[in-house]
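Remarks on the structure that follows.
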Amino acid sequence: MTVMIKKIARKKCIHVMLVYTGGCNACDIEVVNAIFSPFYDAEQYNVFLTFNPREADILVVTGCVTKVVAESLRKIYEKIPEPKAVVAVGACALMGGVYKNIGGDLGTSDFVAGPVENIIPVDVKVPGCAPRPEDIIAGIVKALPKVIEGK
């Protein structure tokens, strides 16, 4: 029953959950700008931001994944119902950004767990520091077939 209701709801709207895993917050600002600002107004296309993983269709992850939040990110991912998609946004989410080499050229970091794809599967990658809202919207649109059609 719940799966059927979710499928019907997905035909009407898409819920995006934003998770910040560490960094400067520039990508978060651009994601919120892409969804809420009057210029882009993703809500007019029935794309909404949610903070409940059980309501989410697409998980947007920003920032390098710190060791402190890695397990929380896994748990959030597991709570999102199938089919789901993950969009990694920004240089930090894709490769660790400026935080990647925090341990130096010869060492590893005691703080950074790595890029998002080391923790959970990533379906779409949106590069940039910070990416433009148009690129973030394009990344979300690219993830839609997996969510809507289960592909």
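Cβ coordinates are placed from backbone N, Cα and C, and glycine is handled just like the others.
Per Swiss-Prot, the features are:
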type	residues	note
BINDING	CYS24, CYS27, CYS92, CYS129	[4Fe-4S] cluster binding site
Additional residues surrounding [4Fe-4S] cluster, by Cβ distance to the CYS24, CYS27, CYS92, CYS129 centre under 8 Å: GLY23, ASN25, ALA26, THR62, GLY63, GLY90, ALA91, ALA93, GLY97, VAL98, ALA130
CB contacts for CYS92 ([4Fe-4S] cluster binding site) [other CB atoms within 10 A, all chains]: 28
CYS129 ([4Fe-4S] cluster binding site), number of other Cβ atoms within 10 Å: 14
